[in-house]
Amino acid sequence: MANFLSITREPLDVAAITNSIFHEDCGAVSLFVGTTRKSFDGKMVHSLEYEAYETMALKELKKICDSVRSNWKDVVNIAIHHRLGLVAPKEASVVIAISSPHREDAFKAVSYSIEHLKKSVPIWKKELYSDGDSSWKENKESCDKDNFIFLKTQICNETSVPNDLVQISVDKNEIKKRITCYLQKKRDEINQNNIIDYRSMPNYAKLDDGTHPNFPVENLCARVNTTVVKQDSSKCLLKVCRVKNASGPQIRPNYFDTLDKLMANKTSIKYVNKDNENISVIGKRKRMEPIEKHLFHKINYHLPMNLRLKQAEDRILRLESLSPEYWHFIMPQSES
């Protein structure tokens, strides 16, 4: 005695399902095959689409099998297979096969199984019509039918709405105008914020054209003092016209030559200037002390002195190139 239960998206093999329930002690096999009709209510059906709560559906199928065996003791094997997904006309969507020593028990058991499958198993179908329309079908046998009320509603344009419930009583053009004004206001706010983001000096003056008001004094992260102008055919992009660097490595002598060397990675920590070879050990230590103090760098005694000196100098130069205000802010500390 066995139950063969399956919910699958693969086509159902009726012959294989029937063969699975044959038993030498049974003299009857009752078979039900549910297929897709080509038409419904005068509409041509392209296919049926089945969906299911699979975990719960298998539990309900197991309950049906238990109920069948309690009502008909002689039933031997039960097979219930249901297909999900799209099922074309003439294809099998559900197969129920039951074997029993006597045909009467097999007939009644199959009839009972299909009726309770429609009532209790959470499987739904949608009819897809040839004209592109579709419709979910109500399960007429469902035991939960009385719990649902399907209402047909229509929208009546003649129904009057109280004035206190009307939020906007204008035509389409007025609504479009209000939306346009709102978007323009937001765009102006963004442009104003963009201009402020580009201002870095603590005492702000009017922009060059004299049309903009003074900006409030704020602590901004911008490193440059710029004037911005709206680009042609643009709503948001800003063009930087002037940049003035008041401090930083950019104003130091030979800055561009040094920066080019750093960017090209031509400087290596393995490189040692020949001039350093003539410096005494004490002199090198004196050079290292202020540099490492400046960088808060721990002394690595495992490296040669020339290598430590070169690493520290490269680190300072790199920090200055990455952050223009770096040298500006540490200058008082270095001089003290």
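The backbone N, Cα and C atoms fix where each Cβ goes, glycine too.
Whatever TrEMBL says is automated annotation, not expert-curated.
The substrate binding site annotation in TrEMBL covers His102, Arg103, Lys118, Lys125, Lys126, Glu127.
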Checklist entry - For the binding-site residues Arg103, Lys118, which one has the sparsest Cβ surroundings, going by other Cβ atoms within 10 Å? => result Arg103
Next on the checklist: Give me the count of other Cβ atoms within 10 A of the Cβ belonging to Glu127 (substrate binding site).
Outcome noted: 19
Item to check | Conformational class of His102 (substrate binding site) under the three-state DSSP mapping | outcome: coil
Checklist entry - What's the most sparsely packed of the binding-site residues Lys125, Lys126, counting other C-beta atoms within 10 A? => result Lys126
Item to check | All-chain count of other Cβ atoms within 10 Å of His102 (substrate binding site) | outcome: 13
Item to check | Pairwise Cα distance maximum in Å, substrate-binding residues per record: His102, Arg103, Lys118, Lys125, Lys126, Glu127 | outcome: 38
